[in-house]
Structure formats: structure tokens, C-alpha cells
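Asks: Pulled these features from TrEMBL for this protein:
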type	residues	note
REGION	1-32	region 'Disordered'
TRANSMEM	101-119	transmembrane segment
TRANSMEM	159-178	transmembrane segment
TRANSMEM	223-247	transmembrane segment
TRANSMEM	259-284	transmembrane segment
TRANSMEM	311-331	transmembrane segment
TRANSMEM	340-357	transmembrane segment
TRANSMEM	363-380	transmembrane segment
TRANSMEM	401-420	transmembrane segment
Amino acid sequence: MSHRRRSNAAGPQPPEGVGVGDSTAAEASSTDKERRDLLPWVLGSDPRVLALALAFRAANALLVRTYFNPDEYWQCLEVAHRIVFGYGHLTWEWKRGLRSYLHPLIFAALYKILALLHLDTPWFMSMAPRLLQSVFASFGDLYLYKLSKLIFNNHVAQWALFSQLVNWFMFFCITRTLSNSMETILTVTGLYYWFVAIESSKGTLIVSKQQAASKQSPPSRKMALLIAALACAIRPTSAITWLYVGLLDFIQMKSKSRFLFLEVIPLGVFVLAVTTFLDCWMYGSRIIVPLNFLRFNLFSSGGDYYGTHVFHWYFSQGFPSMIWTFLPFLISGIMKSREWRLAGLILWVLAVYSILGHKEFRFVLPVLPLMFMFSGYNLAAMAQFKGKGHSEKGPLSRLQLSVILLILTNVPVALYMSLYHQRGTEDVMFYLSREAHDGRIKSVLFLMPCHSTPYYSTLHYNLPMRFLDCTPSENKGTLDESDRFLMNPPDFVGKVFGNLSSFSHIVLFESEERHVKLLLHNSFKEVRRFFHSHFKVDRDLQSSVVVYSQMSVL
């Protein structure tokens, strides 16, 4: 995936003949000018960027109080909780061997530390995983900065970092314990090492003998391949990204056999062997998770069970919603920078995922940071245009207006989505956790679509709980419990649960409450109601989450 600097490209470019990693003559000659151009928030060095990212993502994690995707809990924290504390629900994916234990074990280690320190309280159990994820996310921010600086320059890197920190979807998603969030961080980190290795092998990273003696040698391509293998172990579909990256450079390589047989295959086999051993040990049987995952999701289209979208959804709705008002800056940045291979990577990932019927925002999260590199390029070009003495009429320049626009259109959305939209299912579990630890709950039934709330990982109390199952049936057309309940709530509850007397508490959405209220009238009483959302997502408006308790328990 080789690249070079182009003197005729619009935007901020170094002098002709300077390599991407040159930290000597070119940077020294432009230091004073760059300092005049930089905004006050720019910190300028890797340690300071990391410190900024750590503080920002910690606040980010604490501000995320809403529910987004079941995988955040059910495929990670619930599994980790079961490993450490011995109780927790494993979904059907774990029974079929579709998930690797590599990702949940990270948070299992965190839970173990909390338990040893006697800090496994409801608050810590809820917030500690996201705070840990915020640390990983901050390194993702750092490596986006480093990658942008490597491919373009320091000025672009600062604006790329600004773009990533301001974007609403990155704020909303990156500190969640999704495997996609970890995949995104590993992808950016791996791409950085890949580009460093390429430039090093081409001889464009020029350092003096004294610098070479005092500094660590440039990271090799093997580091990038190792990180890529780990990303694929966590999310096998990450191979889509690395197939593009590897093939483009493989075509230009002279020593193709060396690359394949001394780097790719050994590292790939090593990571596969370690993760397979880990999974076999945790599952208690011989199993190859990546093979099962790809067989179910790609070869049999098993993911279609949870809904499908039209082919162009990522291009027409999904990614525009994620990138939001950065979209025009992205397009302009691509055209000005002419970094076609990175732009091609984005297009490739979106196109391949478009082939699959089941589509979700989080699937294409790993290429979102690349978008911010191009947005950063465009913003840096605006700053350079202003710095060359071009006067702009009016009290505010184009750059200032652009920054104001991006902040005003992203920050409110980020805060609303993180603090308010779909927060009822989080709030109800915090409430149930406190009640359970105080001994006021004996058992809980969730009469809502499956996986609508966190579970034992938040409750952190071993009492009987039941939710509506939605395991895919091998017989097409067979409805699961969740669908049957939504079709006819009173009939389903009467047939499956009878008079509900075996549960001390019932949790349900307001939209279904009116259908089963007669069944609850005689022996249950409403005890709490939590706001959930102002508008519907994919079902009827679920404006609130309601908790009913047996009168005998009150």
C-alpha cells in the first residue's frame, strides 16, 4: 500500500523530496509557521496527544448512559461475568461456537481484579468496563494521529484528531465494550505499523546514526501482521480490510514468497493456534471459531435472521448517518489529497459489507477513522489557505465557520444519544441491581424483545431471571418467543407463563404494557417507570420502561 507525497496536490504538503517520516530539515524550516497556524487545543506531541485522549475518553465513557447494541453486554460482559463469578447467560452463539473467548477474557480479568479488591459494587460493575475500554479507545485516537502524521503531516494529524473527537458516532460507540470497537482500534494501529514498515523498507524514513542509536528501530511489517491477526481473531470479518491492504502491496512486492511463507503464514498460524487452544479450553471441546463464524454469517447468511437491508444501505443511509456533517469535508479531502488507496479501502469495505443482507452501523466502524483523516486534510488545507495571506470577508473565516458547524451539529447529537436516547433499559437494571442487593427482589421476568437490557453483568446478583428467547430456528418460518409475544402479548403470556405468580418483578416496555395490564392488575403493582426514548427505532415507540412488583413483595 505504498504512497508518496505529491507536490501538485492541493492542501498542506511538505517540500518536494521530503519523506513522510523525515523529522529534520522540512519540519524545522516550517516550525514557526505551523505554530502560528495551530489552534490553542493542539498539543503537538505523542505523549500529550495520548494524555488528551485518555482524559477525553474517560469523560466520554462516563457520559455514555444509554443502550445501543446487545453485543456490548451479551457477547462480552455477560460472558466475562460468567467466567469470573460463575453465573451469567450464554446466548446461542456460544452454544454453536461462533464467538471467541479472546475478547471477553480481557474484561474477565477486570472483573477478577474488582472482585479481589472488593470493588464489585453495582456502580463499578457498570462503569469499570467502559472506563477500561476508554483506555483502549484513547490509543486508537493516538494511532489515528500518528497514522495521519505519517501519511500527510502534523497539521493534518491535529485536524484528523479533532474530527474523531468531535464526531457524534465515534463518541457514542467507541467506549462501548463491542468487539467492533476493539477491531477499530486494532485496525488503525495495524495500519500505522504497516505504513511505517513500507516507508522504512523504501528508505524514506531518514534518521541520523545518532538518532538510530538512541531510538528504537522502526516497527516491522510483522508487527502490523500480528495486530491484523488479532483483529481477525476478535472479528473474523476484519479479514476484509486486511485482504485489501495486503493484496495491493503483495502485487508490487519482489519477494512474494518470503512475505507469504516467512511472515503472513507463520504469524497467522501462530495467532490461530493460540486462540484455537484458548477457545477449545474454554468451550471444553475441539472447535475452530473463525470457521464456524464465517460458515454461519457468510456462507449460510445466518445473520439475515435478524433483519436485512437493501444493498445500498451503507452508502445511502448507514455511513452518511455515522459520518454526519463531516461528509462534505470527507469528499473534499479525498479529492484534494488524492490518496486514492486509502479512499479505495473505505469503498472496498463498504462494498463488501453491502453484499451481506444483514447490516448494522457497527460493522463498518473500523473504517470510520480513515474518514476523519480526509476530513482533517480538508480542514488543514483551509487553515493553510488562510495562513498564506488570503483575506476572507466577514467576521469569520471558512475554517472557523466549518469548525463551528461541525461542533454544533455533532456535540448535541452525541450528548443526546449518549445521555437520553434509549436509556431506560440501562436505568432499570441499575435500579434492579440496587433492589436485589438490598434483598427486595426474588425473580424477574423481562416481557420485552430479547436482549433489550443488560443482564447479570449489571445486576451482579445471582437470582432467577427470564427473558424472551430469540434463538434462530433451523426451520424457516418458525417464530421465536420474542416475535410470538409481540404478535399477541396476552395470549403468549397466558400460554407460556400462566398467571405470572412465579416472578416477583415484571419488566416491560410501555408499548406492550397496555396489552398485558389486565393480567397484572390483580396481583402486581407498578413500582417504577423510566424514560426510554422520544422516538421509535425499529418497533413501536418504546417511550418508557415499566417495573411491576407483586403486591406481596412490597
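The backbone N, Cα and C atoms fix where each Cβ goes, and this holds for glycine too.
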Asks: Mind checking which residues of the chain, 6+ beyond the ends of the transmembrane segment (363-380), have their Cβ under 8 Å from one of its Cβ atoms?
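Replies: Distant Cβ neighbours of the transmembrane segment (363-380) are 11-12, 140, 144, 147-148, 151-153, 155-164, 167, 169-170, 173-174, 180-181, 183-184, 187-188, 231, 237-238, 241, 314, 318-319, 322-323, 326, 329-330, 332-334, 336-337, 339, 342-343, 345-346, 349-350, 353, 399, 402-403.
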Asks: Have the transmembrane segment (311-331) and the transmembrane segment (401-420) got at least three CB pairs under 8 Å, pairs 6 or more apart in sequence?
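Replies: Judged by the Cβ rule, the two regions touch, with the required three close pairs present.
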Asks: Are there 3 or more C-beta pairs under 8 Å linking the transmembrane segment (159-178) with the transmembrane segment (259-284), counting only pairs at least 6 apart in sequence?
Replies: no
Asks: Is the transmembrane segment (401-420) packed against any residues at least 6 beyond its ends, judged by a Cβ distance under 8 Å, and which are they?
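Replies: Hits for the transmembrane segment (401-420): 63-66, 162-163, 166-168, 171-172, 324-326, 329, 379, 382, 531, 533-534.
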Asks: Six or more residues out from either end of the transmembrane segment (223-247), which same-chain residues have a Cβ under 8 Å from its Cβ atoms?
Replies: 1, 100, 102-103, 179-180, 182-183, 186-187, 189-194, 197, 263-264, 267-268, 270-272, 275, 289-290, 293-294, 297, 344-345, 348-349, 352-353, 363, 366-367
